[in-house]
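S.K.: Annotation source Swiss-Prot lists Mg(2+) 1 binding site at Thr18, Asp57. If you look up Swiss-Prot, you'll see Gly427, Gly429, Lys430, Ser431, Lys525, Asp527, Cys556 marked as GTP 2 binding site, on the strength of similarity to another entry. Under the heading Mg(2+) 2 binding site, Swiss-Prot lists Ser431, Glu471. The annotation ubiquitin cross-link is assigned in Swiss-Prot to Lys96, Lys119, Lys164. Swiss-Prot lists 2-168 with the feature domain 'Miro 1'. Annotated domain 'EF-hand 1' per Swiss-Prot: 184-219, in sequence order. Sequence annotations record features per position, and here Swiss-Prot assigns domain 'Miro 2' to 415-576 based on sequence analysis. The topological domain 'Cytoplasmic' annotation in Swiss-Prot covers 1-592.
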Amino acid sequence: MKRDVRILLLGEAQVGKTSLILSLVGEEFPEEVPARAEEITIPADVTPEKVPTHIVDYSETEQTVEELQGEIDKADVVCVVYDVSEEATVEKIRTKWIPLVNGDTKRGPRVPIILVGNKSDLRPGGSMEAVLPIMSQFPEIETCVECSAKNLKNISELFYYAQKAVLHPTAPLYDPEAKQLRPACAQALTRIFRLSDQDMDQALSDQELNAFQTSCFGHPLAPQALEDVKMVVSKNVVGGVRDDQLTLDGFLFLNTLFIQRGRHETTWTILRRFGYGDSLELTADYLCPPLRVPPGCSAELNHRGYQFVQRMFEKHDQDRDGALSPAELQSLFSVFPAAPWGPHLPSTVRTKAGRLPLHGYLCQWTLVTYLDVRRSLEHLGYLGYPTLCEQDSQAHAITVTREKRLDQEKGQTQRNVLLCKVVGARGVGKSSFLRAFLGHSLGHQDAGEPSVYAIDTVQVNGQEKYLILCEVAADSLLTASADASCDVACLMFDGSDLRSFALCASVYKQHYMDGQTPCLFVCSKADLPGGVPLPGLSPAEFCRRHRLPTPTLFSCAGPVEPCMGIFTRLATMATFPHLVHGQLQATSFWLRVALGAMGAAVAAILSFSLYRVLVKSR
């Protein structure tokens, strides 16, 4: 919605333009009227719509044609004033003023026009019969107001309607010739209806209608008012009410009726509550609310975000089988301009028999939020998070983690989403490693484009963590501008071709050797015979020299089954980033924790025994 309104008054000389402005400001008819009033600004707190309003007068004797055109170009709405007692001024509306306003304007959309019949005190019968044909001819005319500057009749109403024509314009909503909603308006209202239909039965129950009414207007409908609404719809629209519930056709009819009766601000209130702007597109402020993620921090869905997206899952899981079919996914994404995850099931998560289970669905939301929080905010906006959850914005569903440097200083991370970069030469088995993480066999092929990401949950010390694997070609990290940052690095080499180890070693030395990122070397294709040793340090010797864990064997084929424990180990290393020098052998690490606790207990017992000896010696 516009932040201020600029109203321009035009018309023939002596029709009372200046008198109208001065009567509004002074609340009395001026005895002396200048040729032209100065521009007046009405503060926001004294206007019905709480928007600053600028009122601009025009005088043909004081202003040039160029100055007039400049004022028209700046105006948000034009009030064409005529004298109800002078028919010639009415005819000038059609032949002079409307062509001048919208015939030569270069801005594109037509400027809304309010017809103002002044001096109604001189003609009690009014002039509506004369102006109705003009209103039918020019759709940009919003309304006609008859008033009297002398009697102060309808003065404030005149400027209210002018303000309303800017803030709640009819033209984007309604086609007066076809007497129906414009396509963009119908599309926006259809999306709003689908978001409000919580049980997916293609109709709004009394409970859903009252939730909608409360969200948009701050209070529910009285029971009798609710029945009256449904009665009006059922009398005018076949199928508008079904089983005592309002259908989409009935909902669209109601909004058409509001507009036809001059209450288009009602429809605009609904549209703006659900994020729409003057162009009937979701606004940038709505889709991308302010959310700062400082360097070294990351974004995650919080419990409110997970509750909402799970609620959307359950809403569209119509067969209650715990998974979304392609048709159910299409239903979920029907309120988006396009399917955000592509035409196929995401290849980044676990799927089941061509369906997306809740676990994989939550993983996909987690991945999108971590990689591109702006995109995640957009998706939450399309699903109606701010309105349905009664929050200012969908940023309420996001948590920004503390800086990684603080995690490293404290020796433990509070993050629930961990990034592991799987680095290696081409052909060492990185893609197979990602597929194994998702429980796929070596020969598994995804329906869509393969992804360099995979995400699943792992248990770390009894807590569930989301682990993201990101496949990275080792040679791409050897450039000066490469970004190797992550929570844990998995450096993969082919055990049957040890030349691939040299690349991993180079990446380690360039990016990780002097840092605090935990690293694990992984020897892939462990089912194949070992490669010919090369001059220099062997992988095991290299790891020992750099105080790294011994390379872990991994295979997706042959007699060696994929060891899923490797993924838990990577997540554990990321959770405890201070243990970067091979200290995180699963058994020895927890053994030291236990021994430390035991040592503390023994020390306490010895101290207590010594205390008893000292007491007895006294």
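First residue shown is number 1, and so on along the chain.
Glycine is no exception: its Cβ is also placed from the backbone N, Cα and C atoms.
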S.K.: How many Å separate the Cα atoms of Gly427 (GTP 2 binding site) and Glu471 (Mg(2+) 2 binding site)?
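M.R.: Between the alpha carbons of Gly427 (GTP 2 binding site) and Glu471 (Mg(2+) 2 binding site) there are 12 Å.
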S.K.: Can you tell me which of the recorded positions Thr18, Lys164, Glu471 is spatially closest to Ser431 (GTP 2 binding site)? Compare CA atoms only.
M.R.: Glu471
S.K.: Taking the Cβ of Lys164 (ubiquitin cross-link) as the reference point, list residues of the same chain whose Cβ is under 8 angstroms away and which are at least six residues distant in sequence.
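M.R.: In sequence order, the residues whose Cβ lies under 8 Å from that of Lys164 (ubiquitin cross-link) (at least 6 apart) are Glu49, Glu142, Glu265.
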S.K.: Looking only at Lys96, Lys430, Lys525, the recorded positions on record, which one has the least crowded Cβ, with the fewest other Cβ atoms within 10 Å?
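M.R.: Fewest other Cβ atoms within 10 Å, among the recorded positions Lys96, Lys430, Lys525, is found for Lys96.
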S.K.: Checking the spread of the GTP 2 site as listed (Gly427, Gly429, Lys430, Ser431, Lys525, Asp527, Cys556): what is the longest Cα-Cα distance, in whole Å?
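M.R.: Roughly 17 Å, rounded to the nearest whole number.
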S.K.: So, in DSSP terms, is Cys556 (GTP 2 binding site) helix, strand, or coil?
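M.R.: Reduced to three states, the DSSP call for Cys556 (GTP 2 binding site) is coil.
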S.K.: Cβ atoms within 10 Å, counted per site: which of Gly427, Gly429 has the most, among these binding-site residues?
M.R.: Gly429
S.K.: Which residue among the binding-site residues Asp57, Glu471 has the fewest other Cβ atoms within 10 Å of its Cβ, if you could check?
M.R.: Glu471
S.K.: Give the distance between the Cα atoms of Lys430 (GTP 2 binding site) and Asp57 (Mg(2+) 1 binding site), rounded to the nearest whole Å.
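M.R.: So the Cα of Asp57 (Mg(2+) 1 binding site) lies 72 Å away from that of Lys430 (GTP 2 binding site).
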S.K.: Are there residues of the same chain, six or more positions away from Thr18 (Mg(2+) 1 binding site), whose CB falls under 8 angstroms from its CB, and which are they?
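M.R.: Spatial neighbours, sequence-distant, of Thr18 (Mg(2+) 1 binding site): Val33, Pro34, Ala35, Arg36, Ala37, Asp57, Ser59.
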S.K.: If you draw a 10 Å sphere on the Cβ of Cys556 (GTP 2 binding site), how many other Cβ atoms land inside?
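M.R.: By my count, 22.
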S.K.: Can you give me the Cα-Cα distance between Asp527 (GTP 2 binding site) and Glu471 (Mg(2+) 2 binding site) in Å, rounded to a whole number?
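M.R.: Cα of Asp527 (GTP 2 binding site) to Cα of Glu471 (Mg(2+) 2 binding site) measures 22 Å after rounding.
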